[in-house]
Amino acid sequence: MNFTVGFKPLLGDAHSMDNLEKQLICPICLEMFSKPVVILPCQHNLCRKCANDVFQASNPLWQSRGSTTVSSGGRFRCPSCRHEVVLDRHGVYGLQRNLLVENIIDIYKQESSRPLHSKAEQHLMCEEHEEEKINIYCLSCEVPTCSLCKVFGAHKDCEVAPLPTIYKRQKSELSDGIAMLVAGNDRVQAVITQMEEVCQTIEDNSRRQKQLLTQRFEALCAVLEERKAELLQALAREQEQKLQRVRGLIRQYGDHLEASSKLVESAIQSMEEPQMALYLQQAKELINKVGTMSKVELAGRPEPGYESMDQFTVSVEHVAEMLRTIDFQAGTVPADMPSKVGAQVGRRQGCGAGASPGR
């Protein structure tokens, strides 16, 4: 690994700095190499601790150099290229240190304007390997884990990625979902406002029609009072049915808006969680909830003209003998008009022109 050519120009470019940083990441712990850095015969580099972990995992019976018994050495495979590395009795301590990489790491840390990890950041520790912090994310199991679990633990056959990468990705997904949900809430609020206006229009139109009916029936005689009451009841039923339907939709939209707003609040609070591992433990569920809430289909709004009450307009141009047959204009009789009204009309039409109203 040669970093001498063009090193200084790389420090001035953020994209190049990111590329350089990737070259300084240990393939075992997925963090920047920690001193001392050892170079394998295949020219790949590892932290000495990581190299020793892999070596110990591959040679569990090998005695360390602090032991009184001298072992004949051991072997393991390079995690980058799978080249077989044969070690002598000194184990990984017999590998040559890569001072060039160590110097480059020192220069990189001095020149970089951002630290790789905040010193104040608290790390969760692996339950299986208590001295290992959680620093990678298992894509297969969708859980945070540590590097030793990947090397020879429960996730050795799984696909993994750096914890910050998945943290940024899922945080971006949740942020996008929140934006969509907030936009949807604005649309729902607009619909609720529009339907409230529909309710007001229905009430205004009903009130206007009631006034017209009252004025016209009052201009006729007492003989019209009974029929007027029947027509007002029919109009009131229609009004109540329409108001019940629209108010039911308002309640449904309001409940959806309240639930959606609470979900937005929970998601925003979750995004403020500084701990990546803690955040990722609940981010997937929040993302699913936000996606599900964004796709909820609400009941359709009333069709155009639903608020109109013009079908209750009456005509007062009939002769007095036909007063008791007054009804809403033909073709606009509400479907729920009681059948007794038709029977009464039939009886009244059977009366002669000079018949007494019976009062």
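Even glycines carry a Cβ here, placed using N, Cα and C.
Here TrEMBL flags 221-249 as coiled coil.
The domain 'RING-type' annotation in TrEMBL covers 26-82.
Sequence-remote contacts of a segment are chain residues at least 6 beyond its ends whose Cβ falls under 8 Å from one of its Cβ atoms, and for the domain 'B box-type' (121-163) they are 25, 28-31, 50, 53-54, 57, 79, 274-278, 280-281, 284. According to TrEMBL, the domain 'B box-type' annotation covers 121-163.
The annotation domain 'COS' is assigned in TrEMBL to 271-329.
Residue counts for the domain 'B box-type' (121-163) by DSSP state, with H, G and I taken as helix and E and B as strand, are 7 helix, 11 strand, 25 coil.
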